[in-house]
Structure formats: structure tokens, C-alpha cells
Amino acid sequence: MTSLLHSQPKAGYCEPNNSSRVIQLQTNLDFINPFENEAVKPTESSKDSQRMMDEGVLMTWEDLWVTVPNGKNRKPILQGLTGYAKPGQLLAIMGPSGCGKTTLLDALAGRLGSNTKQTGKILINGHKQALAYGTSAYVTQDDAMLSTLTAREALYYSSLLQLPDSMSIEEKKDRADFTLREMGLQDAINTRVGGWTSKGLSGGQKRRLSICIEILTRPRLLFLDEPTSGLDSAASYYVMSRIASLNLRDGIQRTIVASIHQPSSEVFQLFHNLCLLSCGETVYFGPASSANEFFASNGFPCPTLYNPSDHFLRIINTDFEQDVEEGLGKGVNTEEAINVLVKSYLSSETHKQIQKEVEEISESDSGAIEKKRIHAAFFNQCFILIRRSSLHMYRDISNYWLRLAVYAAIALSLGTIFYDIGSSYGSIQARGSLLTFFISVLTFITLIGGFPPFLEEMKVFKRERLNGHYGVTAFLIGNTFSAVPYMLLISLIPGLIVYYLSGLHKGLEHFLYLIAVLFATVMSVESLMMVVGCIFPNFIMGMIIVGGIQGVMILIGGFYRLPNDLPKPFWRYPLYYISFHKYAFQGLFKNEFEGLTFGGDQYGGNKTISGRDILTNTWQMEMGHSKWADLAILLGMIVLYRLLFLAISKSKEKAKPMVAAFRCPQAKLFTTVTRGNEQN
Ligand SMILES: Nc1ncnc2c1ncn2[C@@H]1O[C@H](COP(=O)(O)OP(=O)(O)OP(=O)(O)O)[C@@H](O)[C@H]1O
């Protein structure tokens, strides 16, 4: 049996028939032979290759249970799984939809959701340890990528972020190009990823690009969730064979764990081990080549000319209750068939051997994985993120460009409605209304136009962060500095239109102050969105919460209800002082009224009144500090919100392992979020 466990995969057909594969290989021109491009291989820095020529990752899990809340009880998703993933081998996790494949991958990669509870022992090289950055990567089902980048740009930026500074830019570019060709994307290199505004890469191409991004660093441990979804059978074969052949590239023994739905016979041949699940239970774990024999010995032989994986899945799929057809399983129903297989597996020599091996590995000490920092340096990452994000913002017409158009239209409306506002008594109220409406509408459109693109960036950030590409601080710096020029633009142009058409307080200083407050307000809204988006990364929830906060802030900003009329508990103290609209209104009012004289018309009996008196008596402004102090407070709030985003993101990452450890002491040290936490 030991020899069985280590045997190489055999043909995956129930009856060999290679003709269809030959046709597929010949007709699919997307893919290139990776070995034709061996000349590209030396692009990998020889130093790095040498450093990476070390031990692989041996992962074991023993009696692994995962449960989720189900009313007052807990529902098991995984039920006492035991198995291993060895260096140089490809472990396939198969089973019907909903059987727990993704949950198993998530548990192994330390990515289970907060409502799950995990028990059992997961070890890496016999140790409980966090996976270090660069030793593992996870290709999830969700292909979160920046929609406006082309396939080549997405991979190129990723290579700059992930690969070490010891590699030259040319080497990184070559690695990115080579990886794209490996995955058969050479004809799509200049195609944009695409999103809701424009169609770009197909679903299968996006899948392959996601895989490219994660295999760029040639990680020693690779998790793939449905890598072939959306691909035709020939493309699936090529993708899986490239993944399987990662081991052959540079002598590093990689451990690959992939969940897969419907592998063709050719793909099935690539698997070394197979973990077959049904309703969270192991139906079979062992060499893929012995699975046929296992099913046949239990009375479920694979019919002639049948794809073995189709046969296995048909026998164990409980979603569509039916008798297993005559010839497949002697007329027993699916539940009985699963019971037979589960019991038979538990009492099998294969299972005993697997358990023995897992125990031996747990007791052995093959050395903890050394934590490596092979990604680009922090400042380089910040610079690359600024460049990438700037390019994305420039191309994404649904973000700043659309907002600029809407702001300009509103500015034109305001400018014409309040055209040549004058300095009569009537203009006092008009100036107040103009400024507060301008700020209020700007903040709401910033929310509506800015939140969806921000969530898109957050999704990409979350994926890249979990895979340890860069840290929260680098993301924050990248996001902030790339957005500043666009925010200046969307403040400057509408501000200019309103200022000149309505004839607000004349003078360069007054104009620049108006633009500065518009900019600070827009930036404050975006900063608030970051905080809320980090806590509630959901479009509807985030919009409603930020919208609600904004509405209250505008209401208590001191215009719609004068400051002295605001109820003192709660509304005046502290909310009025927390509202950034208060500082925006106050700063703009001071900028507008101070130094001007109003009246001299029939409405005030030809009397005049100074702007300062209006500020004090009419608008009840705090005159103890200048308008510059209001602007400084606004800018301070931007910094505060962004620091809050940083603190919340980091504490969420820190809290996750603690919550996991609390829920499951055995899983204490094992969490993916801590990977790459050495990064800022
Ligand atoms: N955090 C969770 N809370 C509640 N139920 C969950 C959670 N995670 C998984 N489940 C449930 O566990 C079951 C297994 O889910 P999982 O995503 O692992 O299945 P899968 O085999 O990967 O499915 P598919 O092949 O369709 O992707 C499903 O019924 C799912 O609804």
C-alpha cells in the first residue's frame, strides 16, 4: 500500500482513448509550449533561484472539523478530515457543489470566515506555524482585478510589487510576459480586464490572469479554488498541466492543492492524490490512480469509455436524489452509496496508511519554514501602487471623470441661478445658500460616484493583501497620493465656474481658499468612505451608512439650524464639532463675508452691515479663530480618518487570529492574514 501512495498517476480513462485529446491539443492555439521558452527561464535572478532551492512545504491535517452556526446549534461543513499535501505533488479536491471544497482550502490556508469554528490539527512541516509571505499563494474563485488595466499591465504591476528588488525591471517584465504566455494569454495581453462599463477579458481569461498573478513568485505552496472554471477542456488541460509542471521549472518541489469540479480524463491524469468529498466527509483520499479501483471494489465500477471523475461525482452527488443507475451501482440510492464508500474508506488500508503517515509527519521535525521577505521594498511598493492606481483612475471614466462632468454641470447651474450675486441685503442669504448647497451636493455626489470604485479597489487590495503582496500602509499611501491630483481637478473646475459666474468675494486668496475647502471636503468624504468601506465592505450597506452620516453632518453643520439653536446634548456637543461640514461652512462663510459690506438697498432701508457682523449675529459663527484654522481642522480630519482606516484594517488583521485562537485553540498559530504582516 505504501508504494500505492507514492505511485505516479496512471491513465485516467476507464478505457484509454487519447484521440480526443490529440485533437484538442492541436486545435487550441492559445497556448504555447512552455518548454519552447526555456530561454526565458534564466530571467529569474540566479541568486534568488539559489535561495529558493530549499525544502518544500509538507502540509498535514488531522481530524479537521469546520462548523458554522445553524440556529441554536452548529452545522458541520467538514467532518473529521485527515490528509496531507506533499511537495512535488498535486492534490485535487473534488466533490459535488457545496460539499466543502472551498471550505477545506480556506481552512488549510487559514482563511475561514469569522462565523466558522475549526477544530483539528493543521501542521506545516510538522509545525504549527503561520505561513510566511512568499511560501504560499491562494487563487480564489473571485477574480478581483482592476478593470481598466490590460492583462499585461495587471501582471507587470503585480511583478513589480511582488518580486524582490534584487531582480531588475527587465527580469520582472520578462517573468510577467513568460507567465502570461504560459497561461495562453499571449493574444489577450493588450485586452483590458473589463468591468461593468466595458467588456474585457472573458471569464476563463480572467481566471488564467488570476493564476498568473499568484504563480509569479513561484510560491512553494499553492492553493487554487476552481482554477479551470470557465475554461474549455483543452484550455483546462493546458492550465492544469502548466500548474503541475511548476515543479519542473527550477528544481523547487512545490505543493499544489486545487479544488476542481469536472476534470477531463487528461486533467485527471495530472493529479497525484485525490481528496473526494461528499457533504463534508471523506469518500476517498489517496492516490488518484487508485480511486477507480476503490470504487470498483465497493461495487461501483467505472463504465467503459466513462470519464472516472464524472463517474465518481455521479455516484456521490446528493443534490438530485435518484437511484444510482443499474450498471453504476446495483440500484442503490445515492445516500446508501455514499455510506458504503465512506465506511469502506474508513476501514481501508489506504486510510490507515494515510493516518499513519500523517502521524509520522506530525512527530517528525522537518524544520519550520523560514520566513522570507522577497517582495519589493516598502517605498517601491508605495510608488508602484501610486502609479497603478493613478493609471486606473485616469482610465476609469465612471470615477473622477464622470464626477467632474456632473460637478461642472451643477456648478454651471449654480453659477447661472446665482449669477452676479451682488452685495445687497438679499445676497446675504443667497451667498449662504449657494455655499452650503455647493458643499452639500458635492459631498453626496462624491459618495455616490466614489464609493463603488473605492470598493472595487478594496476588493483588489483584500485579495492582494491576503496573499501578502503588500501591506495596509502601502495601500493607504498609494490610494491617497494617486487620488490627490484628481480631487484637485474636480474641486478646481467647478469652483472656478461658480466663483466667476456668481461673483463671489473677489481676490486670488478668496478664490484659492474656496478651492482648498472644496478639495478638503471632497477628500474628507473619500476618507470617511474608506473607514466605512473597511468596516462594511458591502455596496448597499456602505452607501446607506455613509449617506446617513453625511446627511446628519450637513444638517448640524450650522446653516440649516443655527449653532445656538441646536439642542445642546448630543447635537451640539459633540456632533456639531465632529461634523466636517461645520468647518467647511464656517471657513467658506468667513472667506466670503469678512471684509465685505452689505446693504445700501431698499430691503435694509439703505443701511449697510459689515460682513463680520453678519458672521457673528446672523450666522452665529465662531470668530475666535480664523478661516485658516477651519481649513487646518478639515485637513486634520482627513489625516485622522485615514489613520483610522489604517488602525481598523490592522486591528482587524490582528484580531482575526486572536478570534480564531479563541474559537479554536488548536488553530492558534495558523492564519493566512498574518502572512506578510512584517509588511506595513
Ligand atoms: N461561513 C459560512 N457560513 C455558513 N455556511 C457556510 C459557510 N461557509 C460555507 N458554508 C456552507 O458550507 C457548504 C460548503 O461550502 P463550500 O463553499 O465549501 O462548497 P464547495 O464544495 O466549494 O462548493 P462549490 O463547488 O459550489 O464552490 C455550503 O453549503 C455553504 O453554504
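Cβ atoms here come from the backbone N, Cα and C positions, even for glycine.
The domain 'ABC transporter' annotation in TrEMBL covers 59-304.
Here TrEMBL flags 400-422 (among others) as transmembrane segment. The list of residues near the transmembrane segment (400-422) in space but at least 6 beyond its ends in sequence, with Cβ under 8 angstroms from a Cβ of it, reads 393, 430-431, 434, 437-438, 441-442, 445-446, 449-450, 486-487, 489-490, 493-495, 497-498, 500-504.
Residues of the same chain lying 6 or more positions beyond the ends of the transmembrane segment (434-455) and with a Cβ under 8 Å from any Cβ of it are 393, 396, 398-399, 402-403, 406-407, 410-411, 414, 418, 421, 494, 498, 502, 504, 517-518, 521-522, 525-526, 529-530, 533, 537, 539, 542-543, 546-547, 550, 554, 557, 559-560, 581, 584-585, 588-589, 592. The transmembrane segment annotation in TrEMBL covers 434-455 (among others).
Positions annotated as transmembrane segment by TrEMBL: 476-499 (among others).
Sequence annotations record features per position, and here TrEMBL assigns transmembrane segment to 511-532 (among others).
Counting residues 6+ beyond its ends, the transmembrane segment (539-560) has Cβ neighbours under 8 Å at 432, 436, 439-440, 443-444, 447-448, 451-452, 455, 525, 528-529, 532-533, 566, 571-572, 575-576, 578-582, 584-586, 619-621 in the same chain. Annotated transmembrane segment per TrEMBL: 539-560 (among others), in sequence order.
Annotated transmembrane segment per TrEMBL: 628-648 (among others), in sequence order.
Long-range neighbours of the transmembrane segment (628-648) within the same chain, counting only residues 6 or more positions beyond its ends whose Cβ lies under 8 Å from a Cβ of the stretch, are 472-473, 476, 480, 513, 516-517, 520-521, 523-524, 527-528, 530-531, 534-535, 580, 583-584, 586-587, 590.
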